[in-house]
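Residues or ranges marked as Zn(2+) binding site in Swiss-Prot (evidence: sequence analysis): C146, C149, C159, C162. The ATP binding site annotation in Swiss-Prot covers K335. The domain 'tRNA-binding' annotation in Swiss-Prot covers 574-675. Marked as motif ''HIGH' region' by Swiss-Prot: 15-25. If you look up Swiss-Prot, you'll see 332-336 marked as motif ''KMSKS' region'.
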Amino acid sequence: MSSASRNILVTCALPYANGSIHLGHMLEHVQADIWVRFQRMRGHNIHFICADDAHGTPIMLKAQQLGITPEEMIAAVSQEHQTDFAGFKISFDNYHSTHSDENRYFSELIYTKLKDNGFIKSKTISQLYDPEKNMFLPDRFVKGTCPKCKAVDQYGDNCEVCGATYSPTELINPKSAVSGATPVMKETEHFFFDLPQFADMLQAWTTSGALQEEISNKLNEWFTSGLHQWDITRDAPYFGFEIPGAPGKFFYVWLDAPIGYMGSFKNLCDKRGDIDFDAFWSQNSDAELYHFIGKDIVYFHSLFWPAMLDGAGFRKPSNIFVHGYVTVNGAKMSKSRGTFIKASTYLQHLDPECLRYYYAAKLNNRIDDLDLNLDDFVARVNSDVVNKLVNLASRTAGFITKRLDGKLADTLSEPALYATFTSASERIAEAYENREFSRAIREIMALADEANRYVDEKAPWVIAKQEGQEAELSAVCSTTLNLFRVLMTYLKPVMPELAARAEAFLNVTLNWNDIEQPLLAHNVAPFKALFNRIDPVKVTAMVDASKEEQQTAAPKATGPLADEPIAPEITYDDFAKLDLRIALIKKAEAVPEADKLLRLQLDLGGEVRQVFAGIKSAYSPEQLEGKLTVMVANLAPRKMRFGMSEGMVLAAGPGGKDLFILEPNAGAKPGMRVK
């Protein structure tokens, strides 16, 4: 039986609001959902929340590419995410967004408290700046070589190879991920969270049992090398919350992202009206707070986040449950191989409970990576769920409904066997509690094997053919369905939809604490198929569909490319016919008789050409004189009523004031050919 009711708040890491959910994300959400459903079955008061992480430069830039506002983009992504999670039966009590009034309130509150308590420092720093885009570059928009392990193509905040964290200015050979330009250094004032002040508290907390041993050991390396102040500022332009009293400065996304847990929970409290927010977040709270996260974001959750909470007068997490990555067929998820599978693609082809079961069968409480082997996935689900579990009901239910009026026996013929199944309750509960889901599944399937041995030994299909054996037939089938009920109760956190169909058939709710009493003289419903085998053809179709999605995944062009698509393909010989030359604009003057034309005198380095250009709406003559430009030098002269035009200058833009003549590098000389 379960112990006294506990008050528990569970969160999953917040998915970033600029892309789709894939099967790697889904591991964490399935893991947390199984644990939450188990706790609900045990009678505990548990709240399960999440939100979209909706701030940052990546979202701002992607929205620009799509030609929409960041608010429009994150609203659409949130709807997509929630649809995917619902499809996989993730039972959130609330799903919110970090771009919310609640999150702004708590972000400003925590920042203000940290500042008032002396934990926020201000200093002028030199930061990487994109000279082409005229913007400071956030960590994730600088890429280069890791200063620690020398791995190439790493982001500006942490290395995905060795796990080191660093400043973007420490990268070797940095490049802007926005334009590809080499960044320059530029000074700006930033605010820092003084993490070193929390070193003693964090060292004690991280070794208190609040983290897995592997994580605690890893964090010890960072304590050994010393903690550093954390830059919590980003410069405009930025999509996020402006820092109070600091115009043009914004909270770094990793400051307000974990605060999103509080924002989402406050949103739930306000909607429900019967939940006390402070009972879960105050410093003296005795409620339990658990974060399920991936191993790639341990540093933020196990150092910055508890320090922020402590410094602002809130409670720290009870535990942080860290999992590994998902590989597919023994390798990193691959777009080209079709193993980078979106949740929505999976749902178009397969039952989500198949993946829930497979993940559960392989999950433990360590941070090992989990391999989704697609052949094993098919074999295990078909063998365990269909052949072993559902088969128990399908082999015996028909006899109950057709021969025994749909009613189970009024006594249990095998009480010792039944006791074997119910006595496993606490072992399986302990496995669920400790997130040893694979151990729970092994226990359940071992019992399923025992139940099938019982059915094989008793052979109800043989008994059914014998005259006067209705009592024996009833005893065997009733025992089998009672064993099936116990097994389905144990599996309910993993496969809630299958459990719901079993409940409809058994005509009873599957409650953990009810299994001690078997179903006697109980009516069941006519049996319907409970679960379908996985067809390997559907798995292949899912992989093929993922390949096709990647081939067409490039976002639809917006802006100039969409307005004027690329012209039909030409050959190199076609291009070679064009003679493009650098030209110096010696003189420019308006053509009084024409609204759009300027008369240009172009020096080709020994020859001067007269060209009429329709750029009067964008340039005055004074702006052009002395500039280098590019002209088509071998275009046939064209006689106009103002004179002869002996070529064409090149310009870009839709027209009007938005016309831009091409200006080559200052090193180019008049007369040079462009090739």
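Cβ atoms are placed via backbone N, Cα and C, with glycine included.
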For the motif ''KMSKS' region' (332-336), distant same-chain residues with Cβ under 8 A (at least six beyond the ends): 22-24, 326, 546-547, 550
Cα distance (Å, whole number) from K335 (ATP binding site) to C159 (Zn(2+) binding site): 22
Binding-site residues compared (C146, C149, C159) - the one with the fewest other Cβ atoms within 10 Å: C149
Cα distance (Å, whole number) from K335 (ATP binding site) to C162 (Zn(2+) binding site): 24
Cβ-centroid neighbourhood (8 Å) of the Zn(2+) site, C146, C149, C159, C162 excluded: P147, K148, K150, A151, Q154, E160, V161, G163, A164
Cβ neighbours of C162 (Zn(2+) binding site) where a neighbour is any other Cβ within 10 Å: 12
Distance, K335 (ATP binding site) to C149 (Zn(2+) binding site) (CA atoms, angstrom): 27
Between K335 (ATP binding site) and C146 (Zn(2+) binding site), the C-alpha gap once rounded to whole angstrom: 25
